[in-house]
Structures are given as structure tokens and as C-alpha cells.
Amino acid sequence: MTRAHTLGFPRIGAKRELKFALESYWRGETTQAELIATGKSLRERHWQAQRTAGVNLLPVGDFAWYDQVLGTSLLVDAVPARHRHGDTDLDTLFRVARGRAPTGPSAAAAEMTKWFNTNYHYLVPEFSRDQRFKLGWSQLFDEVEEAKALGLPVKAVLLGPVSYLWLGKEKESGFSRLELLDRLLIVYQEILAKLAAQGVEWVQIDEPALALDLPDEWRLAYLNAYERLSGPCKLLLTTYFGSVAHQRDIITSLKVDGLHLDLVAAPEQLETLVPHLPAQWVLSAGVINGRNVWRANLAKLAPTLKALKEKLGERLWVASSCSLLHSPVDLTLEHELDPQTRSWFAFALQKCYELGLLSDYLDGGDLDKITAYSQPLVDRESDSRVHKKAVQSRLASLTNSDFDRQSAYPVRAQAQRNDLKLPLLPTTTIGSFPQTSEIRVLRQEWRAGRIDDSAYEAGIQAQIKDAIERQEAIGLDVLVHGEAERNDMVEYFGELLDGFAITRFGWVQSYGSRCVKPPVITTDIDRPTPMTLEWTKFAQSLTDKPVKGMLTGPVTILCWSFPREDVSREQSALQIGLAIRDEVADLEAAGIKIIQIDEPAIREGLPLRKQDHQAYLDWAVRAFRLSASPVVDSTQIHTHMCYSDFNLIIEAVAALDADVITIETSRSQMQLLEAFERFNYPNEIGPGVYDIHSPNVPSQGWIEDLIRKAAKQIPADRLWVNPDCGLKTRGWEETEAALKVMVNATKALRTELA
């Protein structure tokens, strides 16, 4: 029997049950026991659903209450001292992630950053020279017992020790976290021994760092690690998000029992690696895309897999390319999608069914079944809705001048100072304000047809008026309309641009209880009508202060959507860039003097290997500049980025040529600014001065210290003051309190820094 397995399954539930259970517990409305019961129910449901769909080896240990890296930190007892309070439990985990929990003292949350090149996030492990590890939280072992009690075929899932250390950060200078490997391996040996004692045969040990360009000392660390971990259980070395062919010499020397390859992200590595695999190894072929919603063309996969089956026999497994965490749960809930469009898609459960089909086929099943399943994708190739001549013609007619502003930044900066007359250290926010229950109910009533368009418009205008009044009372210098009309910064534009499909239950986890519902790019993209103009004009009519027009940039819309698989990402980005360009021109024509084009995802789109970086950055920068360039010098273009390590992309960030960039820096204590200082970044910067992901309200002294730190690296006349990110997920009480502190801190420092 050909083993069919997934690397992980979405935790949140088809209707976001985990999200609502977490938030209820955090609000004190339910008990920890009730939350734990919800998690157990979801795990059982998901295991059984995968089994029914055709998966015959189930992932156990992929469930996480916040993220799997944080879960690993608790497993090996790598909990920062400030978050400890009695025994390690769920509240310990939430204190690390959120800065506070229903029990225990509040403390600064751990730093959060992107999981490789995805829109998923993890809490960065913190390491010190005297770090000690021990067997800690028992969640993994408890879940193995749960699955075995149900009689299910178990494959334990464990983040590998080298990748775990790689994903962390030293909290003191003078040592490398790699020095901690030997101590960590002792605990990993205990983990594997305990899993073996529970009757676990296979452990999926994830080492995604192998897809990166690793320093030699980190590459060699794998040899030491897997020499010591060999024995108790069979180890499936699991890689994803890119090719690991460049690590062939290391990988084929490791004492493991199999290798998983992401053959969606890097199909070419199959020919490079398979001939060199040890004769006894399993090959797990990751052929079903775990990061997209498109139905797999199984008929195209069949010949390659059949040849592998003939060569490897039972040593060939079929799998998702990566965890299905990055895919929505169940397509059968999407009753409102056009049936033809729906026939192009497969969500997590349907991908399990695809694996089952492949497994059956490889074990002698009928090719006709595979061919029939793939037919909707064949039909799509000739669908007239997919390729639009007008869009293609406009792209073909672009010239170099379409990607450039009228003048260089120094000329623009003077024109903007003369026009805007802002004070030193201008204060602003990133864009969104709290999405209250009142706003959500208003949107739900409108979508359900229980209120008409005029009532909805009046309701949103009331929210905008409230946001403007609150900002003026706080004393902010540059205002925003608050985005009450937007359920999501990408989905909103996906609904209004032609070329996207919007799902109802296509939710995926971003971090913790935060879920996003990416639109799906299905055809060529264009803008039938203005998308933000009327709301922004209304907001500006209420105040004499400048109101920023708020747009999401083309690279972020692309990265935070499920992309097409039949055209390049560059092609889609430029199509979106043209649509945003038209919106920018309309906003400027309406008198909006500051326009923000958010690109928080530009770093996450970066390929994992340096050799591929420049090609991506070239088209990403061009797409942004295409969207931002149709304005006069006195119109100020802002952009926002978050969770970014800017060292790799600082030249590209400068090449965007935005007049002002706001970035997320408070959790890293302004360390991210070092890249801008070393590069001598020429334009204006707004480093975030407080962490919006934590509900804690910062002190004025804390913010003043961060502004002073920033002013040592960026001249004060090019410095803005703002929160780290948008405030959509916060409540108004904490939002107003934090912004008042921020404004007061700024006013206190203006004379000092003048």
C-alpha cells in the first residue's frame, strides 16, 4: 500500500472554532478546561476527516494553540523568565505570545516574525548563553495517546533541533545559539525515546532551514544532530518551501530513514536528489500543493509518480508539499461560489482526497478516475474569462516613465513640506482602527440584505466620523479614515477588483486566533470602478488635517491572495499595480495629499535562496513603482512594512522610492533600524514605537526611550512617530490610551530633538 500522508492539517476548524474558543478564554468567558476540550474535539474531527478522505498515516503534533515553534519552546522548556509563573501550562504559552494571560503577571510579549516566505507567523525563541533545556510541556505525548486511543495510524510531527535553533535569536552578545545544540539534543533524545515507548514508529522531523543558504557551521551541525538522534524511531527528514538540492552532500549523509521533498515549490530537485538517496530510505513526494487552493492536475502528476513507484516500490509515499495549515479546511462549505470556479479548487480536505486518489492509482487503480478528476483544469485552459485582451494590451504598452516619479526625493520632500506644513516628528497611525462588534454587525446585516446600501453607507460614515473625531481629540497630525468598510486589507480589494474569487469559509491561520481569508486570483485583473475614493473624500471633508488615502500594494495583494498557477507572479503583480495606479490617480485628483500604499508582505515574498532574490525584488519594486508614480511632487506617498528583516532587502526598499516608510520595530527594540542607518536610507521613516499585537498600554517613558533610540539612527527631521501596525484587532479603550501616550511622548521630545 502506498502511504498517503499530510505534513499537518489546519487547526482552526472549518468555521474557525479554535479562534472563537481562544478569544472567549482570553476574555474570561470560558474556562481553560473548556478551551482544552475544544482543542481535543477539533483534533479528533480532523484526524477522522483526513482518514476518511484517504490519508493513511496521520500527523499528530501538528496542532498548536498559537504556533508550532512556540509549542516546541514549551516542549523543551525554553520559556523566557519573564513569562514563567508556576507550572508551565496554556497560560504560560499565552503570556509568551500575547504578553498577558488570564493568570500570571503581564510582561512584554516575545518577538513575532514570518514563517519563512509565508503569511504565517511564529514567536521567536529567545536564547541566552546559559540556556538550559529539559523535557517540558507534555502536549505532544498527550496527543499521541489521544490518537492511539482512537485506533489511528500515528506519525508524530516534531520541529527539528537545528531549524528550531536557527529560527531563534540570541538575547545577549558574544555567543552563537548554535552552541546550545548539544544541550538541546539531550532533550530531543528524550523526546524520541518517549515517543518510541508510546509505540510511535515514524516521526516527521521538520527541518525547513535546509532550504536556505546556511553557513557551513550550521550545515555541519546536521551531521552531529542526526548521528545522535538516530535509533528510537524512524525519522522522516522533512523539508519544504524550496529546493534542498544544494544540501545533497549533507542530507544523504544523515542517519535518517526517509526524506520529504516539496515537489511543488521545486520539482527539479527530484532528478538531483533521488539517484543519490540511500537504498533503504523512504521518499515522501510532496506533490499536492499545501499553500494554494487549486485542484491538482493529477493526470499530469501520474506518469512521474508511476515511474517513481516502479523504482521505489513501498518506499514511495505521496504527501502534501508542506503542512495544509496554509490552506482553508473544506471546499464543500462554499455554496456561494460559481460552480465552475469551485470546480477549479481544492481545500485541505479535498487535498487529502487527492492524496487518496494518487495512492489508489499507484496501487493499481484506474487512470480514468485520475483523468476525470483533472478535467476541470483542462477545460479552464480555454475559458474566455481567464485571459483579458485589454489588460494584456495595457501591460504591453508600458514604458520606463510609467515606473518613475516626476522628481527625485529631495525635490519632492521640499514640495511636501511647503504644502503639508507638518511639525517635527509627525504623528500618525498605520491605517485601521478597531473593528467593533457594531461594525461587524453592520456589515453582516448589509451582506445579508437586511439593510439597504444607503443605510450601510450612513453607518460606515458614522464610523468614519467617530474615528476622525477621536484622532483629533488625541492630537494626531496625520489622520486616517479607519477602514471601517474593510473586513480585510486584501479581501476588500479582491471583492472590488475584477479577477478574484471571494470565499466564505476560506480561512487560514495567520497567528494565534488571527485568521485571514485570502481571495483567489482566478483571471487577469482590472479595476472596474474606484474602490476607496468616496470613503476617503468623506473623511477628508470632516477635518482640516490631512487624511491619508489607504491602499494595499500590489505585492501584498499578490502574496496575501491565493495566486494563479498558470501565469507568473510577476504578471499578476503588474496587473494589480495598474489597478492600484488608477486608484492613486483618482485619490490625488480628489485632493488627497497623502496616499499610503501598504506593502507589509514584500519581505515574505522573497525566495529562500539568495541566488533567486534579485529577480523577485526587481519585479516587486517595479510593481510598487507602477502603482505609486502617477502623482505630482507635492503628493506624499507612504508605505508600510512589518515583521521584516530589512538587511536582505534594504536596497529594494530604497528603490521603492516612497516618501515615507513606516515599519514594525518596537518588539525588536529598534534593532531593525540598524539596516537603514548602515545603508544611509535617504527618505523619511516611521519606526513603530509600540506593539499593537499586545493589549498592554505602553508607558510614556518607554515610548520616549524608543523615539530617542530612533533619533540616534535617523535624523529627527526625517522621523515619524506611529504604532507598529494597524489597530484593527485592538479595542478602542486600549487604542486611545496608547495613542495618547504616543502623542504626549512625541510632544515632550520635539523641543529636545529639534
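Positions of Cβ are set from backbone N, Cα and C atoms, glycine also.
If you check Swiss-Prot, you get these features:
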type: BINDING; residues: Arg16, Glu17, Leu18, Lys19, Lys114, Arg514, Cys515, Trp560, Glu604; note: 5-methyltetrahydropteroyltri-L-glutamate binding site
type: BINDING; residues: Ile430, Gly431, Ser432, Glu483, Asp598; note: L-methionine binding site
type: BINDING; residues: Ile430, Gly431, Ser432, Glu483, Asp598; note: L-homocysteine binding site
type: BINDING; residues: His640, Cys642, Glu664, Cys725; note: Zn(2+) binding site
type: ACT_SITE; residues: His693; note: active site, proton donor
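Mapped onto three states, the DSSP output places His640 (Zn(2+) binding site) in strand. Local packing around the Cβ, expressed as the count of other Cβ atoms within 10 angstroms, is greatest for Ile430 among the binding-site residues Ile430, Cys515. Listed in sequence order, the residues Thr429, Val480, Met489, Met550, Gln596, His640, Gly726, Lys728 complete the 8 Å Cβ shell around the L-homocysteine site centroid, once Ile430, Gly431, Ser432, Glu483, Asp598 themselves are left out. Of all the recorded positions in the list Arg16, Leu18, Lys114, His693, the shortest Cα-Cα distance to Cys642 (Zn(2+) binding site) is found for Lys114. DSSP assigns Leu18 (5-methyltetrahydropteroyltri-L-glutamate binding site) to a helix. Spatially close to Ser432 (L-methionine binding site) yet at least six residues away along the chain are Val480, Gly482, Glu483, Arg486, Met489, Gly726, Leu727, Lys728, judged by Cβ distances under 8 angstroms. Recorded residues Arg16 (5-methyltetrahydropteroyltri-L-glutamate binding site) and His640 (Zn(2+) binding site) have their alpha carbons 28 Å apart, per Cα-Cα distance. The record assigns Arg16, Glu17, Leu18, Lys19, Lys114, Arg514, Cys515, Trp560, Glu604 to the 5-methyltetrahydropteroyltri-L-glutamate site; their largest pairwise CA distance measures 28 Å. DSSP assigns Glu604 (5-methyltetrahydropteroyltri-L-glutamate binding site) to coil, not to a helix or a strand. The two recorded residues, Lys114 (5-methyltetrahydropteroyltri-L-glutamate binding site) and Gly431 (L-methionine binding site), have Cα atoms 21 Å apart. Distances between the Cα of Ile430 (L-methionine binding site) and those of the recorded positions Leu18, Cys515, Glu664, His693 are shortest for Glu664. Within 10 Å of the Cα of Cys725 (Zn(2+) binding site), the following recorded positions from the list Leu18, Gly431, Cys515, Glu604, His693 place their own Cα: Gly431, His693.
Candidates Leu18, Cys515, Asp598, Glu604, His693 (recorded positions) were compared with His640 (Zn(2+) binding site); those inside 10 Å Cα-Cα are Asp598.
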